[in-house]
Amino acid sequence: MTSCLIRSVKYICNDIKFAAARVSCLTKNYINRPVCRISSVTPKEHPKMADRILPQIFKYVDDNTESYKQLLKEAVAIPSVSSDVKYRKECVRMVEWMQGKLKEVGATTELRDVGYQTIAGEQVKLPPVLVGVLGNDSKKNTICIYGHLDVQPALKSDGWETEPFELVERDGKLFGRGSTDDKGPVLGWLHAINAYKGVGEELPVNLKFVFECMEESGSEGLDELLLEKLKPEGFFKDVDYVCISDNYWLGTTKPCITYGLRGISYYFLEIECAKMDLHSGVYGGTVHEAMTDLIHMMNQLVDKNGRIQVTGIYDSVAPLTENEKKLYTTIDFDTEAYRHSIGATKLAHNGDKEQILMHRWRYPSLSLHGIEGAAFQPGAKTVIPGKVIGKFSIRIVPNQEPEEVEKLVFDYVNKKWAEHGSPNKMTITAQSGRAWTENPDHPHYQAAARATRLIYLTEPDMSREGGSIPVTITLQEASGRNVLLLPMGAGDDMAHSQNEKINVRNYIEGIKLFAAYLHEVSKLSK
Ligand SMILES: C[C@H](N)C(=O)N[C@@H](Cc1c[nH]cn1)C(=O)O
Ligand SMILES: [Zn+2]
Ligand SMILES: [Zn+2]
């Protein structure tokens, strides 16, 4: 950290005269600070001049740290939980809030309608997708940036130390739902753009934005918007690169650039034994209970070592080559620190680094998430739930197609249900997104690596991510371009969990990283 600050200060001293000479008129930017507007000089025309811009930008970012935190506080305060329809208005408010911010930096924006989703037989309107364009210079490269504005649910009573929708700074960390996943990174792009403006520099690239508010709930409607509307309208025609910041470093100190994601196949296993909940004293012993059936079924899915029991599930997993195997040995990953950070007694696979990484990145895993309709509140509620929905998912990997995985799971669950022989009603439904991998030897990745070295003064690890961003492969296919994941947050940020946070350092240096990345990509050939 100290070295980054020293570097920024040193650069700004060299460039102070240069910066002063460029100011011609002042206006206000989106954080209400004066900015200068000038310069039609692009990095491609004057590379040396361009290389002096970044130090000014880094200084500008350091100087604006408090306002960046303030804006994240505003964003976190909007509880844009996509999985619960009672927050749907907040999702819309979140998208509109972000639209305002994009407009303030000069982007042309549109809110695109993506229709309805069906929840328990009801049609519920999906939040709109925010689509934006900033710059249209045919000499510049165009980057399409994707991010999401929705968050996972969070309640203080889940075990948060502070209110989840109130950004709280403590010990150099900003705690709050969405701070790292994905409001911090989305705002990072906005701040990086603003920093160019703040030092009076034209953006070196054109930008296109796709910001949705349903990522945590399967990105419903987004693929159709991208493939059936935006693509035919020519949105991707001039896109040269795609960048997403929505994952995390592997550890806490070493930056990463990410070239793979697992997909996800999410299941709702519903069992109904009665049309309402029943008093267990009155009805216990007289009915076949839905919860008993569900626990039996959920127990058939995975063994205690994490081996998925669904017949044929491992058949299509891409075979491990000798070359790929070697990649895992060089990755900087401390399994003991990882174990300690989550308070686990023992990791799977005896804590072996290579095995742990492979089971996060390239093998499927099945997790049991929860049961809707169960009496989960504290206290001795004596009810027999009439209907319960067990939720589980399989993280799927390259070569596994969602349709094929869904069929294997449906067949297996139906077989186990038949063997179980319950008179109750069982239904299973799924929603799935594909896995994604990219070529990390591409110049786009080299540009991101240069930007990362500039900020963190170290070589980034090329990583894969165990989580899923369903739209990534759609963006790859729709644009036909190289896609890169540039994480902002650290490996211990606890996305989706209690006390989610982003380190102030990751947030601020991440903004600089994005600015440096835009600069590096501007130098790539078209
Ligand atoms: C990696 C990304 N930040 C993320 O958290 N993605 C979610 C996507 C998802 C899909 N269904 C529900 N959520 C994840 O990997 O769980
Ligand atoms: Zn998430
Ligand atoms: Zn995310």
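Here the Cβ of each residue, glycine as well, is placed from N, Cα and C on the backbone.
Within the same chain, the residues at least 6 positions away from ASP150 (active site) whose Cβ sits under 8 Å from its Cβ are SER80, VAL81, SER82, CYS91, MET94, PRO127, GLU212, CYS213, MET214, GLU215, GLU216, SER217, listed in sequence order. The active site annotation in TrEMBL covers ASP150.
According to DSSP, GLU215 (active site, proton acceptor) is assigned to a helical segment. TrEMBL lists GLU215 with the feature active site, proton acceptor.
As annotated by TrEMBL, Mn(2+) 2 binding site applies to HIS148, ASP181, ASP246. Under the DSSP three-state reduction, ASP181 (Mn(2+) 2 binding site) is assigned to coil, being neither helix nor strand. Residues within less than 8 Å, Cβ to Cβ, of ASP181 (Mn(2+) 2 binding site) and separated from it by at least 6 positions along the same chain comprise VAL151, GLN152, ASP246, GLY489, ASP493, ALA495, HIS496, GLU500.
Per TrEMBL, Mn(2+) 1 binding site is recorded for ASP181, GLU216, HIS496.
Look at TrEMBL and you will find ASP246, HIS279, THR382, ARG395, SER468, HIS496 tagged as substrate binding site.
If you look up TrEMBL, you'll see 260-419 marked as domain 'Peptidase M20 dimerisation'.
Marked as site 'Important for catalytic activity' by TrEMBL: HIS279. Annotation for HIS279 (substrate binding site): spatial neighbours THR382, VAL383, ILE384, criterion Cβ-Cβ under 8 Å with sequence separation of six or more.
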Do you know offhand how many angstrom separate ARG395 (substrate binding site) and HIS148 (Mn(2+) 2 binding site) by C-alpha?
20
Integer Å distance between the CA atoms belonging to HIS148 (Mn(2+) 2 binding site) and SER468 (substrate binding site):
13
Cβ-based isolation winner (fewest other Cβ atoms within 10 Å) among the binding-site residues HIS148, ARG395, HIS496:
HIS496
I'd like to know which of these recorded positions, GLU215, GLU216, ASP246, is least surrounded, judged by other CB atoms within 10 A.
GLU216
Close-lying binding-site residues around ligand 3 among ASP181, ASP246, HIS279, THR382, where CB distance stays under 6 Å:
ASP181, ASP246
